[in-house]
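Novice: Starting off with a structure, shown below.
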Amino acid sequence: MSTVVLVGAQWGDEGKGKVTDFLAEKADLVVRYQGGNNAGHTVVVGDREFKLHLIPSGILYPDKICVIGNGVVIDPAVLIGEMEALAKQGISTANLKISQRAHVIFPYHQRLDQVEENRKGSGKIGTTCRGIGPAYTDKSARIGIRMADLVDEEVFAALLEQNMKDKNHLFTRVYGLPPLDYGSVLESYRGYAKALKGYVTDISIIINEAIKQGKNILFEGAQGTLLDIDHGTYPYVTSSHPVAAAACIGVGIGPTRINRVIGVAKAYITRVGEGPFPTEMKDELGDYIRKKGGEFGTTTGRPRRCGWFDGVAGRYAVRVNGLDYLAVTKLDVLSGLEKVKICTGYLYHGDILNEFPASLKVLRECVPVYDELPGWQEDISGARKLSDLPANARRYLERIGEVTGAPIALIGVGSRRSQTILTAELY
C-alpha cells in the first residue's frame with residue numbers, strides 16, 4: 001500500500017497531468033484535492049489528446065476510481081461538459097466520485113470575479129475569471145452552497161434564494177449592474193443536480209477504507225506551490241492550497257496516512273498572469289521556449305511567461321511540501337540550446353539570498369545568479385532510460401537535484417505517456 005501526493009513545484013502548468021496519467025497506471029484511486037476549473041491538464045495517449053479541468057487524469061484508465069475532493073470548487077456545467085466530452089471519446093465516468101462537501105460555483109461568482117478584475121485595472125491579479133476566488137470567499141464566509149445542498153431540492157432553493165438576494169443587492173447598488181435572474185439559475189442548477197446526484201457521496205469514507213485495504217492512492221493537486229494562498233507569491237496566487245499538506249484537508253484523511261510526496265517541475269519554469277518572476281526570459285529565447293514548449297494555457301489560452309529553472313524557488317517547494325522526489329518534465333524542450341542555465345541564488349542589494357523571500361518588493365528587485373552548463377543538440381524524445389540521455393542532459397538534471405535538494409525520480413521527454421523515464425519506484 002502506498003499513498004502518494006503529487007504537487008506542482010512551480011507556478012503551475014508543470015506537466016502534472018502527464019505525470020498523474022503515468023503514475024495512475026499503478027494506482028487504485030486517483031484523487032483531486034483542491035482548486036477548480038481554473039486549472040487544466042493536457043494528457044496525450046496514443047494519437048488522442050485529452051484536456052481536463054476538474055476530472056482527475058486517472059479517468060483515462062477504465063479500472064480506476066477517480067475522486068473530486070471536498071477541497072475542490074465545482075462548476076457543474078463545466079464538470080458535466082467534461083463528462084460528456086469523455087463519453088464521446090468512449091471514456092466512461094462511471095467510477096467518478098464527488099465529495100458531498102465540495103462547494104459549488106454559481107454565475108454570480110463568475111460575474112464577481114470579472115467585475116472585480118476590471119475594477120482593479122493595472123493592479124489586477126490575472127485571474128481566469130472562472131469564479132474560483134469568489135466561491136472560496138463564500139466558503140470561508142460560511143455562505144457557500146455545497147454539493148450536498150445542491151442535490152437536496154428544498155434546501156438548495158432556499159440557500160440559492162438568499163445568496164442571490166445578497167449578490168444582486170451588491171450588483172445593483174455597488175456595481176450598477178442588472179440583477180441575475182433567480183428562476184433561470186435555479187432551473188439550470190436543478191438540472192445539474194439531477195445529472196450529478198448519483199456521483200455525490202462521502203469520499204472520506206471511500207478513501208480511508210481504501211487505505212485500510214492497502215490500495216495505492218494518488219492525490220493530485222492543481223496549480224503549484226508558488227500559487228498557494230499562504231506560501232505563494234501573494235497576492236498573485238490562487239485562492240486554495242496546492243501544497244501537499246492540503247491533500248489531507250481536501251479529502252478527509254489524517255496526515256499520518258501520506259507515505260510519499262512528489263513535486264513536478266519543468267526543466268525550465270513558467271507562470272501565467274501577473275507577479276514577479278526573477279528568471280523570466282524577456283527576449284527571443286523566451287519566445288522560442290514558449291513556441292517549442294507549447295506554453296499557452298489549457299484553460300485560458302493565454303501565453304505563459306517563460307524563464308530559466310529557478311533553484312531558489314525549487315528549494316522552497318522542497319521545503320514547504322516535504323518533497324521526497326522531483327519529477328522533471330519537458331526536458332526535450334531544451335534540446336538544441338548551446339547553453340542552459342539554473343538559478344542558484346538571488347542577488348539583492350549586494351547580498352546573495354539562498355531562500356525564497358516572502359516580500360514581493362524584495363522578489364521584484366532580486367537578480368538571479370546562474371550556473372551556466374553546456375547544452376545538448378541530440379533529440380531526446382526517444383529516450384526511455386537515464387543512460388539514453390546525452391551526458392550534458394544528465395549533468396543538467398544532476399545539478400537540479402543538487403540545487404533543490406531533492407532526487408529526480410521521473411523525467412519527461414515528450415508529451416506522450418510513453419515518453420517518460422522512471423529512475424525510482426514511487427509506490
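Just so it is clear, glycine is given a Cβ too, placed from its N, Cα and C backbone atoms.
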Novice: For the IMP site that Swiss-Prot assigns to Asp13, Glu14, Gly15, Lys16, Asn38, Ala39, Gly40, His41, Thr128, Arg142, Gln223, Arg302, which of Thr201, Thr238, Thr279 is also named?
Specialist: Thr238
Novice: Hey, how far is Gln223 (IMP binding site) from Gly301 (substrate binding site), Cα to Cα, in Å?
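Specialist: Rounded to the nearest whole number, the Cα-Cα distance is 15 Å.
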Novice: Measuring CA to CA, name the entry from the binding-site residues Lys18, Thr42, Leu331 that ends up nearest Thr300 (substrate binding site).
Specialist: Thr42
Novice: Are there recorded positions among His41, Gly301, Leu331, Val413 that sit within 10 Å of Asp13 (IMP binding site), Cα to Cα? If so, list them; otherwise say none.
Specialist: His41
Novice: For the binding-site residues listed here, Asn38, Thr42, Gln223, Thr298, Thr300, which shows the highest count of neighbouring CB atoms within 10 A?
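Specialist: Result for the most crowded candidate: Gln223.
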Novice: Just to verify a number: CA distance, Val413 (GTP binding site) to Thr128 (IMP binding site), in angstrom, no decimals.
Specialist: 29
Novice: Could you tell me the maximum Cα-Cα distance in Å between the residues recorded as binding IMP, namely Asp13, Glu14, Gly15, Lys16, Asn38, Ala39, Gly40, His41, Thr128, Arg142, Gln223, Thr238, Arg302, rounded to a whole number?
Specialist: 34
